[in-house]
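Reviewing the structure listed below.
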Amino acid sequence: MKSRHKFLPWLYILPGLVLVGVIVIFPILYTGYISLTNMNMYHWDNYHLIGLENFRRALLKVDYGFLSALMATIIWTVLNIVIQVGVAFFIALGLNAKGLKLARVYKTLLMFPWAMPAYVSILLWRVGMFNTEFGFFNKILAAMGVGKINFLAGNIQAFISCMVLNLWMALPFMIMMMDGALQSVDRSYYESAKLDGAGFWKQNRYITVPAIKPMLVPAIIMTTFTTFKQFDIVYLLTMQKGALSGSTFQTIITYVHQNAFVSNNYGLSSAVSIVVFGFIIIFSLFMNRGIKEEP
Amino acid sequence: MSIKKIRHVVGLTALNVLFTVICIVALIPILYAVSLSLSNGNAALGSGLLFWPKEVMFRNYSAILLDEPFMLWIKNSAILSGGTMVVAMGTAITAAYAFSRYRFKGRNGVLKMLLILNAFPQILSMFAIFRLFKTFHLLNSYVGLIIAYAGSMCIFGIWNMKGYFDTIPVEIEEAARIDGASGNQILLKVVLPLARPAIIVTAVMVLIFVWNEYLFSTTFMMNQSNYTLAAGLYQLQSNDYSTSWPLFSAAAILVSIPLLIVFFCIQKYMISGLTAGGVKG
C-alpha cells in the first residue's frame, strides 16, 4: 500500500505535468535561449549566440523604450488598482445600505460589462465610444457645441481612454468581491459602535475595512496581476494591425508583442520577456510569503 | 415622522437616483450597440443620441448570419473551446485530486511552480510557441491551438479544483475504501460527483476563456477558413467603419448573448469558486 502511494500520485499528475512542461515551461526556456541570440527577421535560421547584448539594450538604453514601457505599466497598474478598490468599496457599501430594495436589480445590471467577451467590449468602445466620427463621446461633445476630439491620438489621452475602459470592464468583478465580503461582516458590531457614538467614517475605518481585508487580499492580488499583464485594451484600442491610432504609449506586454511580431526583434523581445518573468517571480514570492500552504 | 426617519428616506432616495445613474452609464456602450444593430445602418450614424432607432430592423442580424461566414466562425470557436475543455479538464482533474489527497515528495515544489507559472502571461512566450509550432507544422491547426490553450488552462484548473477538493472530507473516501472500492472507483464514483460544482465552474471558465481569446487565435490561425469568432469580428471591425459598424454591433450582440446567459447562470458559484482557489493560493 505504501509503495503504491509513492507511485500513484505521480501517475495522476503526470498527464498535466507533461502538458504544462511541453506548452508552458519549454517555451519559456526557449524564450530564454532566444534572448541570448541575435534572432530577427534576417536571422531566422542562421542566428547565433550574442550573450547578454539584448538585455543590455533593453535595460540600459533609454531610447529602446523598455524603461518607459515599464514606467507606464507601473503607473497603469497602481492607478487602476487604487481607483478600482476605492470606487468598488463605496459602490458596494451603497449596495448594502439598509432598506435599498432594488439592490439586486442594480447588481445584475452592473454585471453586464464583466460578462461581455473582453475583445467585443474593447472593439465596441473603440468604434462606439471613442471613434472621432460616430463615437458616443464625440456625439455628446458635438451636441454641446464642442469640437471633436480624437481620444486615442496622443499618449496621455490614449492612456486615460484605456484606463476608463479598463475600469468599466474590471469594476464589476471588484464590486462583487467587495459586496460578498461586506455581507459576511457581522451587523451587531455596527450596532454597538453606533451606541458608542462612532460615525460613518469611524465605523468603516475600524470595523468594515479590517473585517473584509482578509477576504479581499487574494482578489486584489489577482486583479493586480491581471491589470499588470493587461494587453488587449492597449493593443486593440491603439495599435491593431493597420489601424494605429497615433499614440505610442506601451505597456511592457505590448512592448514585447510589438518587438516580436511587428518589428521582428525576436532576441530583444525575448530578453524583455525574461526580465518580466523575473519580476513576476519576485512579486509572487513576495505576495505569497504571508499566505501559508497547509502541511 | 421623526427627523431620523425622514433623513433615512431622503438618503435612500438619493442612493436610488445615484445607482440608476451609475447603471445607465455602465450600460451605455451596450445599449448604443444594441440600438445600432437594430437600426437601418447609415441613418443611425448621422442622427443624434437617441437610443431607440426610428424603425427597428433585423437586417443587420440576417446579414451577419447569412452573408458572413458567422456559422463557420462559431463552429471553429466551438471546436477549440470543446477540445480545450476536454484536454485541460482531463489532465487537471486527476492532478488536482492527487495534490489535494496525497502527500508526496516534491508536492509543495510543484504546486509553487504551478502558481508562479499561472502568473506568467503566455503572451510573453508566444513567439517561442509560434516558432515551435512552425517547426512542427502546428500553425493553422486545431490541435496546436488546443494544446496551447490547454496548457495554461490546466494550471488554472489544478489550482481552482484543488481548493475545492480540500474541502471534501477524507472520511467519505476512507469509508468507500473499507467497502472495497479501488482508487479509480473512488475517484470516479465518490469524489467526482461530490466535486461537481467546482468541476462545472472550472469547465465553464475554460470554455469562456477560449471563446473570448483572440490574440493566439488571430496569430496562429491564418486561413480564413480557420477564423474563430474573435478573428472574424476583429476583421469585420477593421474593415471600413461606416458600413460595417452596425453589422459589427449585431455580431457583437450575437456573440455576447450565449456568454451572458452562461455567465448569469454560474455567477453565484463563480465568486465562491474563484475565492476558494485564491485563498489557498
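Residue 1 is the first one shown; counting continues down the chain.
Cβ atoms are placed via backbone N, Cα and C, with glycine included.
Automated prediction, rather than curation, is the source of TrEMBL annotations.
These features come from TrEMBL:
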DOMAIN    A:70-287  domain 'ABC transmembrane type-1'
TRANSMEM  A:12-36  transmembrane segment
TRANSMEM  A:64-97  transmembrane segment
TRANSMEM  A:109-129  transmembrane segment
TRANSMEM  A:149-168  transmembrane segment
TRANSMEM  A:215-237  transmembrane segment
TRANSMEM  A:266-286  transmembrane segment
For this session: Kindly say whether the transmembrane segment (A:109-129) and the transmembrane segment (A:12-36) touch, using the definition of 3 or more Cβ pairs under 8 Å where each pair is 6 or more positions apart.
Result: no
For this session: May I ask which of the stretches A:12-36, A:64-97, A:149-168 has the most CB pairs under 8 A with the transmembrane segment (A:266-286)?
Result: A:12-36
Seminar exercise, completed: Beyond a gap of at least 6 residues from its ends, the CB atoms lying under 8 Å from the transmembrane segment (A:12-36) belong to 49-52, 54-55, 266-267, 270-271, 273-274, 277
